[in-house]
Amino acid sequence: MEEKYLPELMAEKDSLDPSFTHALRLVNREIEKFQKGEAKDEEKYIDVVINKNMKLGQKVLIPVKQFPKFNFVGKLLGPRGNSLKRLQEETLTKMSILGKGSMRDKAKEEELRKSGEAKYFHLNDDLHVLIEVFAPPAEAYARMGHALEDIKKFLIPDYNDEIRQAQLQELTYLNGGSENADVPVVRGKSTLRTRGVTTPAITRGRGGVTARPVAVGVPRGTPTPRGVLSTRGPVSRGRGLLTPRARGVPPTGYRPPPPPPTQETYGEYDYDDGYSTAYDDQSYDSYDNSYSTPAQSGADYYDYGHGLGEEAYDSYGQEDWTNSRHKAPSARTAKGVYREQPYGRY
């Protein structure tokens, strides 16, 4: 009986007129089930011990009836079909857009639908995405769940979401443009104001005389010891020194000195490289040295640019107490000297 069943189905299919679409659909489905050995409707079991690969398929409906003006097929495919390819690679599944409206040429789609061939039978169904998985049972259902979660993002009728913006950027890149044409990334020397380096600007001072150009500062993160003058460029304002405003206005015939030569080595401290390894190494090394190495003399901490040492401070103190410049300091012991008997009298 089974040997004659398949030839009878094939003969009946050939005798049917193409206008009987539903009859052809039922015959094709029966032929497909018989060829796959699914003629008997028997309950299927999953053997997780052997862990044999199983085939899992699911149809996902595309909401074209609710949103007829939105191009879901174009959003699913993406530029040159790359979006659907990446989605299949990420979920490890096979996806196919099937159903009515899945082909661009509507006339050809109608012709293939009326042809009655089994491979074009899906054109009679609603527009959907067929997800197929071939893997062990647990892995198959995990992949299917991942695919259903990811494909849901493509079925939202939004023209300005992240997926659409990425597709437009990819389309621009494929058409010959740059992938990052909207926001160019340029590392190295930047035209913007750099961090830690002041741009030399010439300003008008009081009396109409041009002031001196601003000195180039030390990059951020590199501390300088107190009392030590920087050798880079002109001397900047420090503690104890008069500000340029307090020095008075220069005479009318005064000419400012030529600006100092610009050092090319400052180019490495621009904004883009501010968080690079060079910046970190210099800043952390300088901080480690300043906290680990003890001070060599008191002038490193107490000399604020006056040019005075420890002797000058000592002589000034003695003159204040003795009220005489030419007498030797008194040999009287200071009160802070250690005594054997703290409560003894003088």
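Think of each number as a place in line: the chain as shown, counted from 1.
Every residue gets a Cβ built from N, Cα and C, even glycine.
When secondary structure is read from DSSP and collapsed to three states, K4 (SUMO2 cross-link) falls in the helix class. Spatially close to K4 (SUMO2 cross-link) yet at least six residues away along the chain is no residue at all, judged by Cβ distances under 8 angstroms. If you look up Swiss-Prot, you'll see K4 marked as SUMO2 cross-link, on the strength of similarity to another entry.
Taken from Swiss-Prot, the feature domain 'KH' applies to 61-127. Mean model confidence of the domain 'KH' (61-127) amounts to 89 (pLDDT, 0 to 100 scale).
Marked as region 'Involved in homodimerization' by Swiss-Prot on the basis of similarity to another entry: 1-160.
According to Swiss-Prot, the feature region 'Disordered' maps to 212-268 (among others).
Residues or ranges marked as region 'Disordered' in Swiss-Prot: 320-346 (among others).
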What is the number of residues in the domain 'KH' (61-127) that are helix, strand and coil, as DSSP sees it?
-> 36 helix, 6 strand, 25 coil
